[in-house]
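Peer 1: So Swiss-Prot says this about it:
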{"type": "ACT_SITE", "residues": "183", "note": "active site, nucleophile"}
{"type": "ACT_SITE", "residues": "348", "note": "active site"}
{"type": "ACT_SITE", "residues": "381", "note": "active site"}
{"type": "DOMAIN", "residues": "77-385", "note": "domain 'AB hydrolase-1'"}
{"type": "REGION", "residues": "417-619", "note": "region 'MetW'"}
């Protein structure tokens, strides 16, 4: 029988079948960034001082930003896009003649962030060097008008958000339709929700974390040391010097580039010509192809970025800390009113998926609307900027930003099988339901559609799925149902006690590694549990084994050879009943089917022999 819990695969072919990735597949949009003038940049200066989180203030600030699309009359279609450390306001092309943007695959007409109907705003961050106030600007308190340099105040992600809040007020935006960002941009959108819980309808945080882990902190410390010990750093006042700390900044960037890639990406990119590097004019080692590449990237970076800005922004990222425990993160997001979409990447070791799951676990415990996907990729942290991976996760963003009035969720076109119909009949209307191994979400959609109420689901009527196959995650999300990417073999730590009325395990029991642990978890999280499973004591299977002396096999539900079956376990109705008795649960209802014959089997007709499928609802008394 096919398991409801699918093996993790991408929406593309598996790595084994498609061969090694091409260098083009691994090309980040960072490669197209330059120091060219920002032709579509807009500027606004705020005369009032900006108090800073760690003390002091900036007497005035200038914000450089770009916009796409048209703001509607009530300002409800505005999307804030937040960039990473080395990004800028130029997130996307404005027309065919424009320079490439760093998120061209995501922002534009007809794209997931659709500028035909959304008004997109992307500001250069405070502390940056592409138009907004930063260390390279004149210090108004300096008697000779020198740049701030290293005297630029120590700012935080919170200060960056406050500057963006001034811009939002200036543009007349009271609430963002969404705040979207990756890496450091993800930190910004999370801080937006922390500081202003009702500031956005949707929060999209990509390849990010609630705080940096110690390894990531260590890389940033080394990068700042490389810059600040460069003999040309001059205490940060190098702007009027003939030479700048380009060596230190280049080394910092080289180090950063390594953290943005993965082992697989680096092997694919550099092993084919490991000992045949492309020679470039550089003082840096070029014995290997990776050395030539890093030298090129490091030197190129010095032409468009300021060393003091790198120090300032990397420190702001390192100081960012929404909490290192689930309880602290729950406190951080307790008042949030938005829905959340979190996306991580399997090979990202700078902001590993486990850190996104920390946020997801806190949001789930708070009963916030959240969808989470871990995208399988070999591109590392840079995946959020790579076209192939944008094509994978972009549809999730498109769904989250869908106009529910003009573009309702994908029509359900639901065709339930008999065990799903039986589950549907058991669950009372208005129940909150968690579906483990939810597949394409059709059972949850049927539960929702049966007694649909206008507006978003309430806590009482909460519907949520757990799934690992990315095509199923997308299909479930396209139905407008929250779903999180999670391996059931790890239990259900994201959920709190009695969080749902019903927890469903549909056609998945036979694929679970630790059956007893998962059943106990279902009874902890749900007040009631429902399981459906294939009965391996079914008459045809017995006959096949006894008559032919071969591993049991039958048409339809059991049509697998012994060597390719997805099943780990081979439960029978009698065995499952015995196990439930050992777990001291009360069986509420049982439904048995001979699906092959299209017949319902009554309890007194020996279902252990005559049924190929069982549905059992149960609960635990004296919890």
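Each residue, glycine too, has its Cβ placed from N, Cα and C.
Situate these features within the shown structure.
Peer 2: Of all the Cβ atoms in the protein chains shown, 27 others lie within 10 Å of the Cβ of residue 183 (active site, nucleophile).
Residue 348 (active site) counts 28 other C-beta atoms within 10 Å of its own C-beta, drawing on all protein chains shown.
The secondary structure of residue 381 (active site), as reduced to three states from DSSP, is helical.
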Peer 1: Limited to the region 'MetW' (417-619), I'd like the whole-number average of pLDDT.
Peer 2: 88
Peer 1: Write down the Cα-Cα distance for residue 348 (active site) and residue 381 (active site), rounded and given in Å.
Peer 2: 4
